[in-house]
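To keep things clear, I will list the structure first and then write my remarks on it.
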Ligand SMILES: Nc1ncnc2c1ncn2[C@@H]1O[C@H](COP(=O)(O)OP(=O)(O)OP(=O)(O)O)[C@@H](O)[C@H]1O
Ligand SMILES: [Mg+2]
């Protein structure tokens with residue numbers, strides 16, 4: 001019962017603190033919006049392509065593609081010179097019928113991928129039967145290249161999606177390697193993790209600050225001078241910030257789906273459940289770490305130490321090639337499990353019931369951290 | 001025989017190398033006001049915190065309401081006012097009172113009447129609807145005192161309750177304390193205002209970690225052959 005009164009008080013205090021509310025609810029939306037802006041921006045990149053001995057039909061089709069400008073060169077040497085002079089971004093050389101050599105400047109990975117996509121589209125649109133075989137072969141190469149790019153240059157790979165989708169609506173190749181393949185589309189891959197990260201970050205920070213403030217202003221001492229149980233205080237905070245985290249989760253998930261146009265293969269509800277669970281872990285984590293901080297500024301110091309590293313270890317970057325001890329670090333970070341579960345739900349449509357391990361580990365985190373919090377309050381009152 | 005509400009026996013407390021309490025024994029009976037005086041840093045607040053179980057003593061025994069501290073359920077029967085005003089600034093005075101009333105376990109149907117009463121004692125009724133962030137220093141102190149009075153506790157532990165409170169209101173508060181005493185409550189109060197020490201039933205003077213003088217004000221004055229507790233204080237400290 002006391003826990004509910006504490007929760008009510010915390011919520012009242014929060015509602016009167018408009019800025020913190022704004023931080024929790026508006027900031028994530030703002031960041032999502034900015035990301036949307038930045039990632040769609042790259043779609044308007046345009047490229048110049050020099051062609052040598054290229055089939056006229058293909059060249060015209062390529063030239064008609066948005067953001068692609070084609071110039072014909074008499075010899076391969078002069079085309080390569082133009083490439084070196086940065087007058088063009090790529091050179092397409094038809095060495096013999098249906099055999100192409102494409103040289104990319106590759107100073108800007110976005111452009112490289114645009115050329116690739118554009119050329120593929122041109123070939124497909126041309127619809128020449130004789131070219132079909134080549135196209136298939138080429139598309140395979142391109143998909144391999146795209147995979148390489150995804151590894152080497154995340155943004156470029158992320159940007160690939162847009163021009164392709166626009167430039168080749170009827171292209172057959174598209175479905176084969178681009179959409180729905182997480183290895184080729186970096187941005188789709190990071191969205192679930194970023195979503196979880198925002199939930200974690202904001203809840204962690206604000207809940208930690210709240211309890212810290214209660215301690216530094218002395219109200220915690222006063223509270224502990226009443227017969228309230230330590231567990232009731234922790235529970236009160238969990239309830240109030242849990243409600244807040246729930247609202248925040250709904251906002252973040254809905255804006256991610258709405259703004260970013262991220263397709264969720266699985267159920268929206270499942271995404272929210274995982275995010276909410278992560279929020280509760282963040283809450284318990286924030287409360288725990290706030291006991292180690294003496295001031296708000298010291299609380300901020302945990303961000304680079306505790307919060308940021310999670311994003312690196314949570315699956316945004318593949319850890320497969322790293323030393324095993326580095327991989328082991330990721331096993332103790334809650335975001336790893338949330339990110340893993342969310343990726344599976346969003347990409348593969350996995351059901352919650354098949355994510356027992358991830359959910360179990362998150363629940364375990366929650367349980368252990370909450371227990372530690374109740375114990376940690378012993379520092380302020382022994383009973 | 002009267003009930004012993006607080007019984008501190010041979011308390012010892014060290015903070016690192018610094019011995020704050022060397023050997024402190026105090027007791028408060030039902031229907032008694034004990035004034036705890038002593039220079040700043042003497043360990044008055046520390047002794048109180050040990051009595052409430054907020055600090056652990058390194059030696060000795062702290063019995064409150066015949067129970068060894070720390071003890072959680074017992075805290076509901078004690079009204080404690082800390083030296084610093086810790087209040088929820090974003091809440092109004094009434095909301096602070098309601099919240100702490102609930103934490104103390106005041107019955108729901110009794111809470112409104114209780115809040116009205118304690119707010120009246122400290123003259124805060126007109127300001128109850130105001131946010132605490134807009135309170136003056138004295139108003140915060142009064143709200144703190146009102147919170148301590150909530151739930152009609154058997155024992156009041158007040159750490160410098162009248163700092164920043166004007167003489168008229170101070171008189172009113174002491175009037176209330178005397179009434180509570182006459183109703184059988186026990187009060188442990190610390191103060192730096194020696195006039196107030198005269199109003200207590202017994203005064204304990206804490207100095208160098210020990211209780212240097214401990215008796216009724218009049219008896220102490222006779223013992224030290226002076227007219228006021230202030231002079232007792234100064235003489236004991238060796239200033240005068
Ligand atoms: N948590 C603590 N850690 C270290 N030292 C402390 C702590 N609390 C109190 N002290 C020290 O113990 C001594 C007594 O402090 P205390 O607050 O009990 O004094 P006081 O008699 O209440 O003084 P005042 O009249 O100024 O309120 C001081 O020297 C103080 O520095
Ligand atoms: Mg003090």
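Cβ from N, Cα, C; glycine included.
According to TrEMBL, the protein has these features:
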DOMAIN    A:145-380  domain 'ABC transmembrane type-2'
TRANSMEM  A:21-39  transmembrane segment
TRANSMEM  A:190-212  transmembrane segment
TRANSMEM  A:233-262  transmembrane segment
TRANSMEM  A:268-290  transmembrane segment
TRANSMEM  A:302-326  transmembrane segment
TRANSMEM  A:352-374  transmembrane segment
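Sequence-distant residue pairs (6 or more apart) of the transmembrane segment (A:352-374) and the transmembrane segment (A:268-290) include at least 3 whose Cβ atoms are under 8 Å, placing the two stretches in contact. Between the transmembrane segment (A:268-290) and the stretches A:21-39, A:190-212, A:233-262, A:302-326, it is A:190-212 that has the most C-beta pairs under 8 angstroms. Beyond its flanks by at least six residues, the transmembrane segment (A:233-262) meets 2-11, 14, 24-25, 28-29, 32-33, 35-36, 188, 191, 195, 198-199, 202-203, 206-207, 210-211, 220, 223-224, 268, 271-272, 275-276, 279-280, 282-284, 287, 346, 370, 373-374, 377 of its own chain at Cβ-Cβ distances under 8 Å. With a cut-off of 8 Å between Cβ atoms, the residues of this chain six or more beyond the transmembrane segment (A:190-212) that come close are 10, 13-14, 20, 23-24, 27-28, 31-32, 35, 154, 220, 237, 241, 244-245, 248-249, 252-253, 256, 260, 262, 271, 274-275, 278-279, 281-283, 285-287, 289-291, 293, 295-296, 299, 302-303, 306-307, 310-311, 314-316, 334-335, 338-339, 342-343, 345-347.
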